[in-house]
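S.K.: So TrEMBL says this about it:
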REGION    1-45  region 'Disordered'
DOMAIN    314-407  domain 'Transglutaminase-like'
ACT_SITE  Cys322  active site
ACT_SITE  His381  active site
ACT_SITE  Asp404  active site
BINDING   Asn444, Asp446, Glu494, Glu499  Ca(2+) binding site
Amino acid sequence: MSDSEPAAKPQPQVSHRGRSAAPIATSNADGEEVPEFEPFGLMPRGPPPLQEFLDIWDVNMLRKPDEVNKRQHTTHLYATDNLIVRRGQEFQLKVTFDRPYKPSDDQFAVEFVIGGSPQFSKGTYIPVSVASDRQSPWAGRVVDSADNVVTVGITPAPDCIVGKWRTYVAVVTPYGIRRTRQDENRDVYILFNPWAAADSVFLDDGNEREECVLNEVGVIYHGAFDDVSERPWNFGQFDYGVLDACLFIMDKAAMPITNRGDPIKVARKASAMLNSRDDDGVLVGSWSGDYTYGVAPTSWTGSTEILLNYSSSKMPVCYAQCWVYAAVFNTFLRCLGIPARVVTNFFSSHDNDGNLKTDIILDENGRIDKQRTKDSIWNYHCWNECYMSRPDLPQGFGGWQAVDATPQETSDGMYRCGPASVQAIKHGQICFPFDAPFVFAEVNSDVVFYSRNPRDGTLEPVKVNSSHVGRMVVTKAPGQDTRRDITDQYKFPEGSPEERTVLEKAEEYGCQREKVTLPEADVELNMPLIEVRVGDDFELKLEFNNKSGQSRTGEMYVSGNVVYYTGVTSSEFLFKTPKVTLDPMKAEKKVIQVRSQDYMRKLVEQANLHFIATGKVKETGQIVTAMRVVTLHNPKLSVQVSGLAKVSEEMFVTVEFTNPFKFNLEDVYIRVEGPGVMPPKYKHYSLILAGSSMTWTESFTPRREGPTKLMASLDCAALRQVYGQAQLTVKP
């Protein structure tokens, strides 16, 4: 900073004084000292000796993974020593006194406190008594009493605050209350409970619940709707430090402690906090291709490293794109107990003027006017769905809710999206909160081709494609590594009467559509699917079909562009103007040769080529168009595991890669990790020569039994999205 530049002013601190008696509690990490002795009246000389009254010798939280609590609450997978339970379900603790407990003479309570300035009325201070005559928001009972040890059963309310609670045991004496000292080992994490019918995140389907809460290994789908690629992801919601990182995210957002029992508010707040656009949230988004100051989005293999980096540095982590936002958001939701899954929408609309149209402008000859075409269609876009009831909406709109942390548009002044009821989106009820119109447009926009009159600049619609956007919505199938098509949960079949009704309903709530009836074209154009590896020459076929009884001629404009997966053009590498003559009722093929030397030097990450053909039929003036996204297929990584797959036994993973190209790969990063077996590790290679191979072997020690995966990625500026994985089953 130069001397002449003024120093940046610090953010002014806003005080609560004059507005409230105490600041609103917004940090789970804060806590006030609770006195060990709380007198009932003034005691200038202090309390008298209390030997004759019940004294607490020990409090056992039964927090080990093999003890009753974690098994019954399905929290035994979390890598933390503290007790973790789910709300609305009983857990137990053992209190050892200095003598046998006498229910008629002795009074004691287990106290739970969260945040600063705890208050009973706010639900942040909960005393739980085992006596039947003393009411408490949480139920308490004596499960067993033997000698000096009392086993207490406690059931947190099914709508209680989710977070880390401090625990005390308090005994009532005639002079006051004496309680245990604060001990971090007695802190208990209370999570949402999709197993409890009274919890608002209750999910009745056991297979779905197992997948969307307990599965740490995910599959994220990308590519194109008819050429779907997949990549593994380690959600790692049970890894050491991840739960604390998720609670820190809510603290960083200054989310009031009292709101943290409501999954709607938690999901909405996290949707804003997972991106860094306006609140120093978790991830910095970048689509530029320059990742000098961080990790390329395509290089990440899991969420653990990202969340731990954020919670330790307190600074946003670089860099992310939509699937990274969705994957880390998924970890956050699953870790807190909210059922969640990552979904991918192929051909996802993101228009710039908030309507249901994606506008493509053509000149008078039928050629695309790139200067005036601003709307983009993402080849795919990932967001999340989380499962919860919606008491704020009419009945029937609970269940799966769409939430999106990728910063695209602001909602109530912040970059966030959702939760939006998927049921409401399907039925066009986009008036309901939150952000349903935006998600509705992502899956329902029409692609409208306009012909521009050069004399007065007016636009006339010449073709409408109503089935291109929202072509397919997929997620991982429960319990399998296969994909599941959930398009029918977002929209009715194209052209069905229900779809027409839904679109009319959406228009009532302000969504604008292009209402135009165009004569049916008698010439059809199609570009069939082609599978191409990076670096290959290939043929692009144009298939014309003349359905009329007369000859047709036309001049076509075929443009080949290297595009980002967001549909934004990086550069044009091909432009052809073939002429076509069609005999009556006949089909014709045109073949265009595409050479690798034309596109390889211009490739950007994710290796997408976008071809668009437009033209005008000379005899009728009708516009014919076709679009095709070609996803170039990358080579794979080989991942091999060796050694005895047992808990605490050393094993080895070997990652191998051969550079198949005629050029060198520079500044290459390889990452590998696996939930429950291997923390994230990476290795840097400054150069992998053309045609040469590399091998990296790394040791790891499984800490948990059961089936799992090791997943690896290779990433450099010239080659992105190279993945491999290996499955293993660890024995106890």
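Heads up, the Cβ atoms here are built off N, Cα and C, so glycines get one too.
Note: TrEMBL annotation is automatic and uncurated.
What's the neighbourhood like for each of these?
M.R.: Secondary structure of the domain 'Transglutaminase-like' (314-407) per DSSP, as helix, strand and coil residue counts: 15 helix, 41 strand, 38 coil.
Counting every protein chain shown, the number of other Cβ atoms lying within 10 Å of the Cβ of Cys322 (active site) is 28.
Note on His381 (active site): other Cβ atoms within 10 Å of its Cβ, all shown chains, come to 28.
Sequence-distant neighbours of Asp404 (active site) (same chain, 6+ residues apart, CB-CB distance under 8 A): Ser271, Tyr325, Ala326, Trp383, Asn384, Arg416, Cys417, Gly418, Val439.
Here Glu499 (Ca(2+) binding site) comes close to Lys491, Phe492, Pro493: these same-chain residues lie at least six apart in sequence, with C-beta atoms under 8 angstroms from its C-beta.
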S.K.: Need this for a regression test: recorded positions Cys322, Asn444, Asp446, Glu494, filtered to those with Cα within 10 Å of His381 (active site). What's left?
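M.R.: Of everything listed, what lies within 10 Å of His381 (active site) (Cα to Cα) is Cys322.
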S.K.: Restricting to the same chain and to sequence separations of six or more, state which residues have a Cβ under 8 Å from that of Asn444 (Ca(2+) binding site).
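M.R.: Listed in sequence order: Ser349, Leu356, Val469, Gly470, Lys491, Leu503, Ala506.
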S.K.: Find, for the listed binding-site residues Asp446, Glu494, the residue with the lowest Cβ contact count at a 10 Å cut-off, counting only other Cβ atoms.
M.R.: Glu494
S.K.: Sorry to bug you, but what's the C-alpha spacing from Asp446 (Ca(2+) binding site) to Cys322 (active site), rounded to the closest Å?
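M.R.: Asp446 (Ca(2+) binding site) has its Cα 23 Å from the Cα of Cys322 (active site).
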